[in-house]
Amino acid sequence: MGSSASESRSAAENVVEESNPPEIVISVLNTPAPPPLWHELTWPIREGIFPCRKESSSLFRHVISVLCGLFPVLSWGKRYDGKTFRSDLMAGLTLASLGIPQSIGYASLAKLDPQYGLYTSVIPPLIYAVMGSSRELAIGPVAVVSLLLSSMLQKLADPRVDPESYRKLVFTSTFFAGIFQAAFGLFRLGFLVDFLSHAATVGFMGGAAIVISLQQLKGLLGIAHFTTKTDVVSVMEAVQNAIHQPWHPENVYLGCSFLIFLLITRFIGRRIKKLFWLPAIAPLISVILSTLLVFMTRADKHGVITIQHIKGGLNPSSAKLLQFTGQNVAPCAKVGLICAIIALTEAMAVGRSFASIKGYHLDGNKEMVAMGFMNIAGSLSSCYIATGSFSRTAVNCSAGCKTAVSNIVMAITVFAALELLTRLLYYTPVAILASIILSSLLGLIDIGEAYAIWEVDKVDFLTCLGAFIGVLFGSVEIGLLIAVAISFSRIIWNLIRPQVDILGRIQGTDIFCSIKQYPMAKQASGLLILRIDSSFLYFVNANMIKERIAKWVKEEQDEIEENPKERIKSVVIDMSNVKNIDTTGIAALEELHKKLDSLGIQLVMANPGWLVIHKMKLASLVDMIGEKWIFLTVGEAVEACPNAKRDNGNG
């Protein structure tokens, strides 16, 4: 009988061995070497220029793939038909009715002549229509970027004293902004834009909206001399000083009347979806009616300030105005970088929101390349920085646009206005432009979202509040600096002090999890299982992690000092989250191993990352710890430790 049982066991073991050949046993130490450093550094470039290239694909197909990636119009243009064009035509005309008065107003916000806002609504939308991947995004000047540009550049040149020098700075900054945006997309550096977090964007946009609103008091009140500063204290002082000087209340009556009209149409458009076109054409109606009113009553002779001359015609070339030498090159590059990030942040947020609603994916890197090239082309054709506008995109979507052709229709309509209508705008009151800008800023102040951020994450709300206060009481740059500083501080804090959890096993399973999060998880006697929740074990956190582990070992030893049988014999470190390590991290693990070894405790590692195990082998740390003490999973590591079999019955 004994011989028969032995033969049965032997046969069963052979069956197991046959069904589990040695080849499927995965070893942490026998993985191939990771890619070299040059491969990692050049990957973004290769991925950006040669996306998804297959070895079997022909050169012709690859060229076509690259061209379709750079010019999405080549893909969707083949399916374009008359029905789609009719939808885009109506959307483009509706978009132009809103874009023309807004562009003129935003140009004044950027301290430029009105025609430059219209120029910016011609060339950039045409470039984006063939290179952009969003179907709804409406391109043109926006309030926040206009304010940001003027607030930083007027420190270098006063637009009232030397407008030509100021325009040179604007076009140069626009060129640099385009270069940075294109580089972000080509080199897959879009993560840089993400440093301006959602919370920071909400606070920044809210503060900027209030600052822009206060700036419009100049046009709304008809103030001739106004402060160039953007903080709320300086603006309110300028208003207070202006009250004691001669001013004309006709500007206030005119501006406030049409502001009320614009807000009423906005309210009606939101309540009655079929009347979405009403708030879209309301700004144009306001411009037409107010211009006729001033012309018929000759109100410009009685104190109402008007736009007066607007230069018409196609965008003139500005290539010779770009400055690449002199002391202002570095400041222009800095302004371009900041404006590029803000413009991309707004455009990506708007584009992704509407892409999600419509059910398609928006490629962020392609969008950055498209934005970059359109601003480079814009800087050569008398345009300043253009990006996606939330208010105009919402109108474009509501009007039924199907593709980016609506941007082409809008650009052609604006060009027609430049050729035919600029003389008619001579009597357009500045107060109307102020009321149009004020009515469009309501969507930028999102109190509900700020409250939601407070409910979810208090540190995020601190970022939001810091950006808001910085913009409101300092400047746009200070607000950005505060927001980015808080975001970076949070990143650095989490990197310096990563979470290190003590793990326990869920009874009856091979699942190991944090005993703080799951109190039902039980620690095995004689074992201390830890998990490092950090992607990097670097010089900034390695010693802190080492000291924390050593402290826990000492505390555990002190607790069970009275029962020698329960003392810790092994420390298992789950390194599945650790993707990279430096020499300081390796030195910290060496010191930890020596410390534990002197106490008679074995250091065991589970699932170290690809680069981590490669560097550990190069530094001979694997030989020091011992190859047999490095495992693929925590479960395998625990089973190999002393006392593991005794604890198995307890789960």
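Note: Cβ is positioned from N, Cα and C throughout, glycine not excepted.
Copied over from TrEMBL:
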| type | residues | note |
| --- | --- | --- |
| TRANSMEM | 59-77 | transmembrane segment |
| TRANSMEM | 89-109 | transmembrane segment |
| TRANSMEM | 169-189 | transmembrane segment |
| TRANSMEM | 195-214 | transmembrane segment |
| TRANSMEM | 275-295 | transmembrane segment |
| TRANSMEM | 368-387 | transmembrane segment |
| TRANSMEM | 393-417 | transmembrane segment |
| TRANSMEM | 424-445 | transmembrane segment |
| TRANSMEM | 465-488 | transmembrane segment |
| DOMAIN | 537-641 | domain 'STAS' |
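Nonlocal intrachain contacts for the transmembrane segment (465-488), taken as residues 6+ away from its ends with a CB within less than 8 angstroms of a stretch CB, comprise 147-148, 151-152, 195-197, 199-201, 203-204, 206-208, 210-211, 229-233, 338, 342, 459.
Sequence-remote contacts of a segment are chain residues at least 6 beyond its ends whose Cβ falls under 8 Å from one of its Cβ atoms, and for the transmembrane segment (393-417) they are 73, 76, 80, 84-85, 87-96, 98-100, 103, 118, 121-123, 125-126, 128-130, 132, 134-140, 273, 276-277, 279-280, 314, 350-351, 354, 357-358, 443. The stretch from 59-77, 368-387, 424-445 that makes the most Cβ contacts under 8 Å with the transmembrane segment (169-189) is 368-387. Sequence-distant contacts of the transmembrane segment (195-214) (same chain, at least 6 residues past either end, Cβ-Cβ under 8 Å): 109, 143-144, 147-148, 230-232, 235-236, 341-342, 345-346, 349, 437-438, 441-442, 444-447, 449-450, 453, 457, 460-461, 463-472, 476, 479-480, 483-484, 486-488. Across 59-77, 368-387, 424-445, stretch 424-445 shows the highest tally of CB pairs under 8 A with the transmembrane segment (275-295). Residue counts for the domain 'STAS' (537-641) under DSSP, helix first, then strand, then coil, are 61 helix, 15 strand, 29 coil.
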